[in-house]
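Below is one structure; the comments refer to it alone.
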Amino acid sequence: MGTPLYKYPECRLTEKGREYIGKVSETESGKNCLRWDTQPNGTPSDFLANVTYPGHFSNLDTWSHQNYCRNPSGRERPWCFVMDENTQWEYCDIPMCTDKDPPECKITQQGGEYIGRTNVSHSGFACQVWMEPWRSKIPGKGELFLPAFPDYKGTGEPHNFCRNPDGDAAPWCFIEGKNLGKEYCDIPFCKVREVQGGPKGNVYPECRLTEKGKEYVGTKNVTETGKPCVDWKSKPFGMPWDFFNQKRGYSEHFIHADLAMHKNYCRNPALYREKPWCFVSEPDIQWEYCDIPLCHNLEPPECKLITSGGEYVGRRNTTISGFRCQHWLAQYPARHNQIFQSLSAFPDEVDGTNNFCRNPDNTGHGPWCYLKESGNSWEYCDVPFCPPTGGERCDIRVSGNCMSPVECKINKIGVKYMGTKNITKSGKPCQLWMSISPNVISGKFEYTIRNAFPDDLHPSHNFCRNPNAVSEGPWCHNGAGTDPSWEYCDIQIC
């Protein structure tokens, strides 16, 4: 027999194995491990007094580590608590990885386990060496990284590798010589296993496209055990602990930021849960997973279901005007805080490769992105509505529903006009309302205010409208140039 191959994360890369986040849950002697979040034997004596109990674990979280073997205090190797009157804990038999070079990828969204050697930020800036307050002198133990570093007690040498010691959204570092301060690093997800599609007939949105199913917006409202789901608006148990950035409003952690839309349907807005779930009415249980099947075709649709398109997980990464999208984890050229503010509301997990059009903050008229080049910071993307099942043309929609246009206005001001005229009085073509070319309109209120229009905007919508209720009636921006930047349209009164 050949030598067995051990591949990360189901093995350890270092002797102490603090980076281990595999799923072994029994000790060397065969005892079952106890859950870390219950603190079954209190706080271990080798945990630091000035660091919280969760602060000793990667991602500053204990729930996601369940009862798996870990090494939060830097002992000789991974261990766990056990139920035994003679001993509180035992070591686990975690093999060393066959390839001991740390992988240049992460397993979890936050990547607290990452011990790779990348030492430049996403935009290519050199990382600073980690110093105070991330390193501390421990009496009798010398100078060490704080426990949330996977390097804790692994080496006394300072380094400038990307890490996530504070439970941020992804590995990051301080930047040398730039006023950005810090920036996330380009660390992709590890390819642990391929997800296989489900049976024929499983069609999105009534199935999930990914293992975690964060993009799921179907209508299943019972759990795996048949319990009815509780309406999300009722907030039966307060703010879930694994909603990222607890300072955000409850609804802002959800796709579309609208709890009424999600009703009591299974969803997965949290960081650590494995698939869609919901609250249940039993206080001792609080929540359960739902049985949401995988879609037969796992390729994400290149369209949106409703105006905001918050559920869109397609691969488009250029804007309506053709500008390339900036990676969401990058802070250059557009500096922003979307990841920290809206991570829970992304319809997918975010790593260094993600520069796809998204709408995590429920902005205006659909998926968008920051621009990698251009003097402007952002623009909408060409993500159309998903076509009607009958395949008919649908230029005008209201709340996502197709409407037959009426080619006249009921009064002079015409704020309710929903026709398809797209030529100005002088014959100029109208600019797309969601485009910033040729006229830069991203600073105009109509660019982001959804209810300024009587109908839904979409990428090919360049019809005359009157979003700011000017007295002379419907108008549009000049699609042929910037002089003039806009003109009125000639719309007849009904």
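Any Cβ shown, glycine's included, is placed from N, Cα and C.
Given the structure is predicted, the values throughout are model-derived calculations rather than measurements.
The feature domain 'Kringle' is assigned by TrEMBL to 16-97 (among others).
Its own atom aside, the Cβ of Cys92 (disulfide bond) has 25 Cβ atoms within 10 angstroms in the protein chains shown. Under the heading disulfide bond, TrEMBL lists Cys69-Cys92 (among others).
Taking DSSP states H, G and I as helix and E and B as strand, the domain 'Kringle' (110-190) has 0 helix, 20 strand, 61 coil. Annotated domain 'Kringle' per TrEMBL: 110-190 (among others), in sequence order.
Among the features that TrEMBL reports, disulfide bond is placed at Cys162-Cys185 (among others).
According to TrEMBL, the feature domain 'Kringle' maps to 212-295 (among others).
DSSP states for the domain 'Kringle' (308-386), grouped as helix (H, G, I), strand (E, B) and coil, give 8 helix, 14 strand, 57 coil. The annotation domain 'Kringle' is assigned in TrEMBL to 308-386 (among others).
The feature domain 'Kringle' is assigned by TrEMBL to 414-494 (among others).
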Distant-in-sequence Cβ neighbours of Cys162 (disulfide bond), under 8 Å, six or more positions away
Tyr114, Gly116, Thr118, Asn119, Ser121, Cys127, Pro171, Trp172, Cys173, Cys185, Ile187
DSSP assigns the residues of the domain 'Kringle' (414-494) as 6 helix, 12 strand, 63 coil
May I ask which residues of the same chain, at least 6 positions away in sequence, place their Cβ under 8 angstroms from the Cβ of Cys69 (disulfide bond)?
Tyr20, Gly22, Val24, Ser25, Thr27, Cys33, Pro78, Trp79, Cys80, Cys92, Ile94
Can you tell me which of 16-97, 110-190, 414-494 gets the most C-beta pairs within less than 8 Å of the domain 'Kringle' (212-295)?
16-97
